[in-house]
Amino acid sequence: MTPREQDRSQPLSQGRFPGRVGRRVLRPLALAVTLGVLAIVLSGCSSWADALALGWPKGITPQAHLNRELWIGAVIASLVVGAIVYGLIFWASAFHRKKATDTELPRQFGYNMPLELVLTVTPFLIISVLFYFTVVVQEKMLHIAKDPEVVVDVTAFQWNWKFGYQKVNFKDGTLTYDGADPERKKAMVSKPEGKDAHGEERVGAVRGLNTSDRTYLNFDKVETLGSSDEIPVLVLPTGKRIEFDLASADVVHTFWVPEFLFKRDVIPNAEANNSIHVFQVEEINSPGAFVGHCAEFCGTYHSMMNFEVRVVSPNDFKAYLQQRMDGKSNAEALQAIGQSPVAVTTHPFDSKRGQLAGSQ
């Protein structure tokens, strides 16, 4: 009697048929469960693009849209490669398992030159395509154009933010403003450390000066300063190229607005440390309120180092800036253009802090 005939002669009590029947039932059941879970997950997405973005924000700048499209393209490429690889693994496991009657090794492909070439060249082609599109998007995101229409000074400190308008120059000529405050900047220059008890000159850490030298920081006439009582709101116009000049007054921070799909480290004295401290957005194409964070662990209250970007129309921005130049507080200027005077996107933190006495 052959082994197959012996197997068929086993009674049901030995479990031959139940095992096979169980496997036949479990496979379709597992497939149905997988498809059901996938359907539930995808049903919560408004489109395939949202599903493939895997939680990425939609973005409010042209650079953000390019970055999101690059991410979605990489996800699609990964899914295609994964489907092929896992499909082949499943196919080999399901249809080419060793049988009880097999006595020889299956056909080997160790010296199949065409197959080896395909398996070697294909990954390099995939990497090359992804590398090309990554470089293209990166160049557009890091591009610094001459004469941006709005220049914002961003100063990070433990554990809050200061925003100032260094320069505003709309190309249509409707608003020109120079907001730099050089006198306050000069006041940050420290004096040499002098001589020690032996009459020798003390050499400081910064060009022979003491470490309180902060001449790399920028100061402006119109500023919004965050504090324990105020979550700072940075007001920006739509449709204008905006430059952010970043500096830290103490430790390393990171300026991150998730809807920009971009973040950059904020470093003390960045130029002396050969670090890039400027980036631009081509324009912001969606008005609204957008939360911002520090994305670099910077100490005890790092998690509360939030801010808000409030995007308004160019006309509202001009009215807001005029209010600030007239001496109004940030909250009062926001109220004057019909905006909430306090942050509305910094949940779960108290968004009502910052309601200044004059606007309560």
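Yeah, the Cβs are placed from backbone N, Cα and C, and that goes for glycine too.
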Starting from the Cu cation binding annotation in Swiss-Prot that includes CYS294, CYS298, HIS302, which of HIS253, HIS277 is the extra site residue? HIS253
Tell me the Cβ neighbour count for HIS253 (Cu cation binding site), meaning other Cβ atoms within 10 Å of its Cβ, over all protein chains shown. 30
Per 10 Å Cβ neighbour count, which of the binding-site residues CYS294, CYS298 ranks highest? CYS294
Taking the mean position of the Cβ atoms of HIS253, CYS294, CYS298, HIS302 as the Cu cation site, which residues outside that list, in the same chain, have a Cβ no more than 8 Å away, listed in sequence order? ALA156, GLN158, TRP159, VAL251, VAL252, THR254, ALA295, GLU296, PHE297, GLY299, MET305
Counting only residues 6+ apart in the same chain, whose Cβ is under 8 Å from the Cβ of HIS302 (Cu cation binding site)? TRP159, CYS294, GLU296
